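Report on the following structure.
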Amino acid sequence: MGCVTSQEDKAAVERSKQIDKSLRMDGEKAAREVKLLLLGAGESGKSTIVKQMKIIHEKGYSQEECLQYKPVVYSNAIQSMIAIIKAMGQLKIQFGHPDRAEDARQFFALAGHADEGEMSAELSGIMKRLWKDVGVQECFSRSREYQLNDSAEYYLNALDRISAPGYIPTEQDVLRTRVKTTGIVETHFTFKDLHFKMFDVGGQRSERKKWIHCFEGVTAIIFIVAMSEYDLTLAEDQEMNRMMESMKLFDSICNNKWFTETSIILFLNKKDLFEEKIKKSPLTICFPEYTGANTYEEAAAYIQLQFENLNKKKDTKEIYSHFTCATDTNNVQFVFDAVTDVIIKNNLKDCGLF
């Protein structure tokens with residue numbers, strides 16, 4: 001009888017050890033699983049960050065995948081030109097050369113029938129002539145007065161290359177493409193022995209109600225702000241300043257009861273565009289109380305402070321801020337490396353392994 005009890009005790013001890021081991025393994029596995037939620041207003045650069053993860057942490061874009069973006073490149077270039085020509089009418093800007101008015105008429109006729117994935121020599125020729133026109137360039141320089149894609153200048157400057165026979169989009173061309181994100185896009189990758197699940201959520205106001213079920217159990221939120229949009233209004237609401245909308249959204253995320261334990265990482269994005277714009281467009285457009293110089297360093301630091309000051313729990317919650325250029329692979333790689341180190345440290349702490 002005593003022998004049986006002893007065997008039962010041994011079995012119980014063994015079971016207990018197995019349970020402990022299993023719990024430990026589950027804890028370590030949980031510490032290695034990272035759920036990242038990408039949040040931010042529309043057109044802040046969330047989808048570009050997702051594309052960079054594919055380039056940096058997966059195998060990048062194959063030639064076949066790049067070719068799939070060809071229609072998007074053409075569509076972005078054509079839509080940008082359409083936006084500029086239409087804005088010339090609104091802003092009462094004349095073409096520099098009278099022949100360009102006929103080119104514009106031809107352009108609209110051809111643009112509507114452009115074969116998907118192809119750009120005819122006639123269409124590209126017209127677009128090149130229009131893009132060189134001084135009136136078109138004047139209108140482009142006033143793009144804050146209407147809605148224009150960030151990639152407009154990039155593609156229109158590259159018309160020779162992108163309209164050449166046999167054109168295959170480069171990874172940089174792919175990074176610059178703009179397609180509105182609807183719904184939720186999930187990306188998986190492994191980095192530093194961590195298994196990442198990244199969720200890109202539609203930033204336009206109409207999409208926000210779809211976010212909520214992504215929130216539970218999220219490791220960190222990467223909130224993306226387009227710094228260069230301090231002087232722009234929303235595509236969905238011409239009265240609302242984009243930076244103010246971004247701050248409003250950040251306030252609601254940062255101080256949300258669901259995220260008291262969640263790391264908040266702030267990407268102050270489009271720093272390259274901001275650096276160019278701040279020379280011409282004063283920060284007081286968005287922040288009338290700003291008295292600093294219109295230099296990149298001072299103005300960028302001021303924007304960072306405005307966002308960090310929205311944090312109502314400074315004693316217990318830290319905002320990890322980074323200045324980013326989402327189209328610059330090296331910059332994103334460097335920043336994401338730093339972000340991952342913070343996540344590892346916080347994850348191990350949460351799982352009692354640090």
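Glycine residues also receive a Cβ, built from the backbone N, Cα and C atoms like all the rest.
The model shown is predicted, which means the values in this text are computed figures rather than measured ones.
The following features are taken from Swiss-Prot:
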LIPID     Gly2  N-myristoyl glycine
LIPID     Cys3  S-palmitoyl cysteine
DOMAIN    32-354  domain 'G-alpha'
REGION    35-48  region 'G1 motif'
BINDING   40-47, 175-181, 200-204, 269-272, Ala326  GTP binding site
BINDING   Ser47, Thr181  Mg(2+) binding site
REGION    173-181  region 'G2 motif'
REGION    196-205  region 'G3 motif'
REGION    265-272  region 'G4 motif'
REGION    324-329  region 'G5 motif'
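Here the features listed in Swiss-Prot are painted onto the structure.
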residue: Gly40; record: GTP binding site; CB count, 10 Å: 25
residue: Ser44; record: GTP binding site; CB count, 10 Å: 25
residue: Ser47; record: Mg(2+) binding site; CB count, 10 Å: 22
residue: Leu175; record: GTP binding site; CB count, 10 Å: 25
residue: Val179; record: GTP binding site; CB count, 10 Å: 10
residue: Thr181; record: Mg(2+) binding site; CB count, 10 Å: 19
residue: Val201; record: GTP binding site; CB count, 10 Å: 20
residue: Asn269; record: GTP binding site; CB count, 10 Å: 28
residue: Ala326; record: GTP binding site; CB count, 10 Å: 27
| At the level of the C-alpha atoms, what whole-angstrom distance separates Val201 (GTP binding site) and Ser47 (Mg(2+) binding site)? | 9
| said: Using DSSP, what is the helix/strand/coil residue split across the region 'G2 motif' (173-181)? | reply: 4 helix, 0 strand, 5 coil
| Between Ser44 (GTP binding site) and Thr181 (Mg(2+) binding site), what is the CA-CA distance rounded to a whole number of Å? | 11
| message | If I take the alpha carbons of Thr181 (Mg(2+) binding site) and Gly40 (GTP binding site), what is the distance between them in whole Å? | response | 12
| note | Quick note, Asn269 (GTP binding site) and Ser47 (Mg(2+) binding site): C-alpha atoms separated, nearest Å, by 12
| query | At the level of the C-alpha atoms, what whole-angstrom distance separates Ser47 (Mg(2+) binding site) and Val179 (GTP binding site)? | reply | 9
| field | the region 'G5 motif' (324-329), counted residue by residue under DSSP: helix, strand, coil | value | 1 helix, 0 strand, 5 coil
